[in-house]
């Protein structure tokens, strides 16, 4: 990755050192701002927990087993799992909002799909195939995603071909699908679900483990390096401006540092002793003494049982990569932004805006189906409360992540960071003693209004 004097370079502009740094590295100022806000939220909760509540902090040298603040491997690991299903749906909501629509029904779709998946497993698949049959989870997952996609396609058809506003269609869907979920099960909770299916929801056994996570992290870092090198060569080949070598190296190093740091973090969260005992019991072996001790410090043997990346997080990463490629590397993505920028001009240019609307809502429904799989698997049950009000958090995540309600603007990574910010606020408030949902809704509502206001200010400054 060498720089050459004859290649065109990005033109210099006036501004402060930080502004020049952002231009050189081509980092999105809004992305940097969101990450900065996330770090401040984490530090604020950790400070409150340590200073006001007097809890031990790992930042001040407390052992992991004794620490009870916000910035602990256990809390951050759980935070990543809780963010997963909201983040997955938020990636689809970005497309919906970019095209000047809204989907208020995703939480209800998630709840209904989860309920039907539970019924399918308990009432039909298990009696027909037998308890623990290896195809149960595969059939259930395929059914859930297909059902979500069909519901989304139906709503998209009503919006595109019957010209009913998306707000009305999805508001009706919010009520219809939630009511259907309640009726089909008579208000009952359906449990337990298939053991293999439950692994998709995370937990000690629903994760890659220490070795698998290190392999994943190292491979991800290698892929990042290769992707940056290929992108630079492509820009050089087409005569586009190149980032300085130091800026390219900095960005690659930063991304790899985040990947390796995240891998080390999730691996440092050690299994509970009960899970270690269960692991050895499944192998028909006696658990080591450290798994049977009440000591707060693990021995070397038990300390090797790190959780690693949870399966919901891996699913979120896969969805994020797919959606990013779809939005930035395909004709479909270009059409989405064209429709959001100017629907009339897009239609006049030959884009089938009606078909695109159906496809976008179909994709949104499929993502709600994936979220339902994770939610039902994590709870190991199908409940009527699943997905309740999640549509608001999904919309808020997309907007906080920089998606403009005016349409035409939005990013996948921004929506995921927005979901992480909102989940951090929820988790942090529970941790410091404000577990009442009323407080959480107040804070998230304020965050949503503030995000929209900042978006308006940002766009005025650009103009």
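Cβ coordinates come from backbone N, Cα and C, glycine included.
Nobody curates TrEMBL annotations by hand; they come from automatic prediction.
Feature annotations, reproduced from TrEMBL:
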type     : residues : note
TRANSMEM : 31-51    : transmembrane segment
TRANSMEM : 76-97    : transmembrane segment
TRANSMEM : 104-124  : transmembrane segment
TRANSMEM : 136-160  : transmembrane segment
TRANSMEM : 167-191  : transmembrane segment
TRANSMEM : 211-229  : transmembrane segment
TRANSMEM : 250-271  : transmembrane segment
TRANSMEM : 309-327  : transmembrane segment
TRANSMEM : 360-377  : transmembrane segment
TRANSMEM : 392-409  : transmembrane segment
TRANSMEM : 416-435  : transmembrane segment
TRANSMEM : 441-458  : transmembrane segment
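A Cβ distance under 8 Å defines the sequence-distant neighbours of the transmembrane segment (136-160), meaning residues of its chain 6+ beyond its ends; these are 101, 103, 105, 109-110, 112-114, 116-117, 120-121, 125-126, 129, 166, 169-170, 173, 177, 194, 196-197, 200, 353-355, 357-370, 372-373, 376. Annotation: stretch 416-435 has the most Cβ pairs under 8 Å to the transmembrane segment (31-51), among 104-124, 309-327, 416-435, 441-458. Here the transmembrane segment (250-271) has Cβ contacts under 8 Å with residues 25-27, 64, 73-74, 76-77, 80, 204, 207, 210, 213-214, 216-217, 220-221, 224-225, 228, 243, 279, 298, 302-303, 305-310 of the same chain, all six or more residues outside its ends.
By the Cβ criterion (under 8 Å, sequence separation of 6 or more), the transmembrane segment (416-435) is in contact with the transmembrane segment (76-97), since 3+ such pairs are found.
For the transmembrane segment (76-97), the most Cβ-contacting stretch among 360-377, 392-409, 441-458 is 360-377 (pairs under 8 Å). A Cβ distance under 8 Å defines the sequence-distant neighbours of the transmembrane segment (360-377), meaning residues of its chain 6+ beyond its ends; these are 84-86, 88-89, 91-93, 95-96, 99, 101, 103, 106, 109-111, 113-114, 117-118, 140-141, 144-153, 155-156, 159, 193, 197-202, 206, 312, 315, 319, 336, 386-387, 390. Ranking 309-327, 392-409, 441-458 by CB pairs under 8 A with the transmembrane segment (104-124) puts 392-409 at the top. Same-chain residues lying 6+ beyond the ends of the transmembrane segment (309-327) with a Cβ under 8 Å from its Cβ atoms: 77, 80-81, 83-85, 87-88, 91-92, 94-95, 199-203, 206-208, 212-213, 216, 263, 266, 333, 336-337, 367, 370, 374, 378, 411-413, 416.
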